[in-house]
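First comes the structure, then the notes that go with it.
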Amino acid sequence: MSAIARWPRGGMATCCCVSMLAMVVALLVYRDTQLNPHHALRSSGPLSSSSSSSSSVRTAHLGIIRRSMSLMPRRTFVDRSSPYSQHAEPSLSRRCQAYGQGFGASSTSNSNPKKKNKQKEKKKSAIGRMLRVDDSFGGFRYTGSLKPGQQSPRRRVDDGIAVPEYHKSGTPSNNGIAPWDKIEVKSAEDIKKMRAAGKIAREILDAAGRMVKPGVTTDSIDALVHSMCMERNCYPSPLNYNHFPKSVCTSINEVICHGIPDSTVLKEGDIVNIDVTVFHDGFHGDCSEMFGVGEIDDESKRLIQVTYDAWQEAIAYCKPGARYNQIGGIIEEHVTKHGYSSSPDFVAHGIGRKFHTKPFILHCKNNENLGKMEPGHVFTIEPMICQGTSSFVMWPDNWTAATKDGKRAAQFEHTFLITKDGPSTHASKPMPRHKITIKNSIHNLSSL
């Protein structure tokens, strides 16, 4: 499961809120002056002086601002475990319609109910036309054909399972990620435990991959992953990590990463990344892989192959003394030759007792001071490669990142240990399970 390199949502949210506020204020001014031109300057009596006129204008504008603020979409935490969470946040146009009955209300009552209802409908339709907001899925415009399904309730963790620090609060600590923190060198005992966690994660990923076929829901994959974790006395690391609601990530087609399992049904020709991380005996083990649903088209096969090959080239580079900031350039150079792009916004990461820690590794060309590899360093490499633009759109769930142009993305991931001889994978049987030709050079790294 990738970490986030640059989180643009805060700045974007601020700009969007300001723009939205300006739009709604302009809309209401227009509405007050056009649909009911007397309302904007309405006062209790005739405008007999400049002071009374100024006071009336200020009062009218204050009312407009109040109403526009009440219509602004609120960024609230939505409990995605609720079966009603899909409809927890109404769209802007629906809010406008809900408040629209009070817009520009006349100071005199209308005694004709039919005429009154007709006026209300006219106002609401005018607002809808001006905003041009799609009410489907809360007004959010999805970039591809994929839409969120219905989420099942959060799955329960058995008593006696060792849990990570965030299992209740949903908030991991920041230890190990500060600029002055060094990359942890794992001890022999740490490495032994991480091998065990990596092996379990790989076994569960293989089982989840065998479920992939047309007609299967991503929620059923999550159910399998969760139950296998319980059977193996380990905790599914994604569960409640920064409030992620499920036990595994399932990213379909245009979703770059962090797709949330739900009632979505896999269809013939889809591609899906399954990202499994487990917490066992105090350590996390992390891996992901691409799977084709039934028969996939040649372009999807090519995307998966290029992603895998770029990943392999990055792995081959790793050795003691190698710089972490060179990994991204190797990946980007390979994929751009094939017309693809590498996401700069989601990064690989160190892993151990913490899910995400240093080093944080970009999958694109960079000059960041990320340090050098040393024996005992454990980290992931997980390039996310896009058919078109690597720019992404964040879904309203604040987790699912989809390509901005709606084109497909692919990803592979394993956890690696640097030894004196080079990298060693912490996930057994790492060969992809696709019905396409894949190089098998990674087998040279997998004997654990």
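Our numbering is plain: 1 for the first residue shown, then up by one each step along the chain.
Glycine is treated like the rest: Cβ placed from N, Cα and C.
Of the given residue ranges 39-58, 139-158, TrEMBL assigns the label region 'Disordered' to 39-58. The Cβ of Glu413 (divalent metal cation 2 binding site) has 25 neighbouring Cβ atoms from other residues within 10 Å, across all protein chains displayed. Comparing the binding-site residues Asp286, Glu382 on other C-beta atoms within 10 angstroms of each C-beta gives the minimum for Glu382. For His356 (substrate binding site), the spatially nearest entry among the binding-site residues Asp286, His349, Glu413 is His349, judged by CA separation. Asp286 (divalent metal cation 2 binding site) sits 14 Å from His258 (substrate binding site), taking the CA atoms of both as reference points.
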